[in-house]
Each structure stands twice: as C-alpha cells, then as structure tokens.
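Asks: Copying in the features that TrEMBL gives for the protein in this structure:
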type	residues	note
BINDING	GLY22, GLY23, GLU24, GLY25, ALA26, GLY27, LYS28, SER29	ATP binding site
DOMAIN	20-209	domain 'Thymidylate kinase-like'
Amino acid sequence: MPLSSAPSALNPHRGLFIALEGGEGAGKSTQLATVRDYLTEQGFTVECTREPGGTKLAEQIRSVLLTPDPDESLCSASELLLMYAARAQLVNSKIKPLLEQGVVVISDRFDLSTIAYQGYGRGFSLEQIAALRQVAIGDFKPDLTLLFDVPVEVGMTRIKKRSAKDRIEQSSIDFFTRVRQGYLEYAAQHPDEVCVLDATGDVATVAQQVRALLAQRCASLRQQ
Ligand code: Z5A
C-alpha cells in the first residue's frame, strides 16, 4: 500500500523516511525489526538500510570508517568527509528512488549521528557540518527520527560482550557522554523532528513504546 502522506516542501516524495538513532548499545538495530514489522503489518512496503553504508560503494566507505588500522589512524576531518560521501551515495542512489516509488525507508542511523558523533563528540562546529550536509544531500531530511536513549553506562554494559570493537566503539566514555548530550540537545530543540524513547527497559518494553508511537504517527499520516 503506498503511503498517503502529502509530500512536504523539504521531501517532495510520496514515501516516508524514518531514521533510528542512539548511542552505543541503545538497541536501535534490535528495534529496527519492530518498526519494520509494525509498518509491514499495516500494509506499507518497507525497505531497511543503514549508515554509514547501504549501497555497494557506501559499504566500502563504511569499511574504511570502522575498521581499525594499526598502521595509519583516520583523522577526524577524513572521518567527517567520508560520513558525508557515504550519505550522498546512499540518499541519491537508493533512498530517494525508493521514496519516489512510495516505499517507507527505515535507516539504522542518519544525519543526526554526524551531529552527535562528529559534532559533539569530535568537536566540529554545527556550521561546518551544515555546510557539508548541504553539499552532500541538500535539504533532504528524515520525516521522523526515533532516538533511543540510554545512559552511556547502560549501553556500554550491553555491548561489553562483543569480542571485537570497531574503530569508533573504541572511543572514551567522555566521548560517548558528549554524543548523548548532542542527541538530547538536538531532540529538545527539534521536538517535531525527533521522538525520544526511553530505551532502558527490556526489549519487549521498548518495542511496546515503538509500536504505540508508530500507531499514533500512522493515524495522523492517514488523516493528511
Ligand atoms: N557514526 C558516526 O560516527 N557518524 C555518523 O554520521 C554515522 C555513524 C552515520 C556505526 O556503527 C558507527 O558509526 C557508530 C556511529 C558511527 N559507532 N560507534 N561507536 P554500527 O552501525 O556498527 O553500530 P551501532 O550503530 O553503534 O550499533 P550498536 O552499538 O550495536 O548499537 P544499537 O544498534 O543501538 O544496539 P543493538 O545492536 O540493537 O543492541 C546491542 C546489544 O544490546 C545486543 O546484544 C542486544 O541484544 C542488546 N539489547 C538491545 N536492546 C536491549 C534492551 N532493551 N535491553 C537489554 N539488551 C538489549
């Protein structure tokens, strides 16, 4: 079933673009299945993707970004530029064409990750990030962002069992504390764009919140 929402000025398409965001171990990848299943049950055609990555070339960029290299460390400027190179590729070659077909696209992370990680985490200014965003994707943005929020220590405990941490996961607790602060500040300033979910409960409890939120949003979209 195609989505009946009216195209907005920023995203002149007929589908819907939903981004899932959060710090390490917040559970967004786990809850992506909840979002996908709920919307599929409602009759929408759904495609999932992730950032950085989601296309053949963007996945190659992901590998450069996340694989630790003992011989040469990736500098912060390269990290920021590669995030936007991957995003430009994903938006232009995959997300926009799907939205034009009326598909609901769900992405595990999107641009708010750059504000949180490269902005608040690494220290790039929001103006620098905005300038690169404009080059990479113009004014394109999600129709809805779900921010899964957990205290840093809770997220870290959840991912502690992982045998190998990727390059960014090896950052300090201070870094992840700034990342969380970035997410929460942005959400407080943009309540129409970002819905914050308390993700400290167990998987079933968080899934219940996700379904309740989507039920609300689907009802309001159908009325448009
Ligand atoms: N990055 C960036 O810096 N800038 C950008 O612009 C973008 C990304 C787009 C991508 O890594 C990295 O790139 C990421 C940010 C950076 N880096 N870091 N660090 P990724 O995609 O490989 O990983 P991630 O997005 O950080 O995923 P994650 O750490 O796995 O977090 P998650 O997806 O939120 O969690 P999860 O995989 O659903 O769950 C983690 C574990 O917790 C797992 O064992 C679950 O079974 C468990 N879990 C999940 N939910 C619960 C609940 N509710 N209770 C208990 N346990 C749970």
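Here the Cβ of each residue, glycine as well, is placed from N, Cα and C on the backbone.
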Asks: Any same-chain residues 6+ apart from GLY22 (ATP binding site) with CB under 8 Å of its CB? Would you list them in sequence order, or say none?
Replies: LYS28, LEU147, PHE148, ASP149, VAL150, GLY155, TYR183, ALA199
Asks: Using all protein chains in view, find how many other C-beta atoms are within 10 Å of the C-beta of GLY25 (ATP binding site).
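Replies: The answer is 23 other Cβ atoms.
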Asks: Taking the binding-site residues one at a time (GLY23, GLY27), which has its Cβ surrounded by the most other Cβ atoms within 10 Å?
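Replies: For the binding-site residues GLY23, GLY27, the Cβ with the most other Cβ atoms within 10 Å is GLY23.
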Asks: Taking the centroid of the Cβ atoms of GLY22, GLY23, GLU24, GLY25, ALA26, GLY27, LYS28, SER29 as the ATP site, which other residues of that chain lie with their Cβ within 8 Å of it, listed in sequence order?
Replies: PHE148, VAL150, GLY155, ARG158, ALA199
Asks: Any idea what DSSP makes of SER29 (ATP binding site), helix, strand or coil?
Replies: helix
Asks: Out of GLU24, ALA26, LYS28, SER29, which of the binding-site residues is least crowded by other Cβ atoms within 10 Å?
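Replies: Candidates: the binding-site residues GLU24, ALA26, LYS28, SER29. Fewest Cβ atoms within 10 Å: SER29.
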Asks: In three-state terms from DSSP, label GLU24 (ATP binding site) for me.
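Replies: Assignment for GLU24 (ATP binding site) reads coil.
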Asks: Mean pLDDT over the domain 'Thymidylate kinase-like' (20-209): what is the value?
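Replies: The average pLDDT of the model in the domain 'Thymidylate kinase-like' (20-209) works out to 96.
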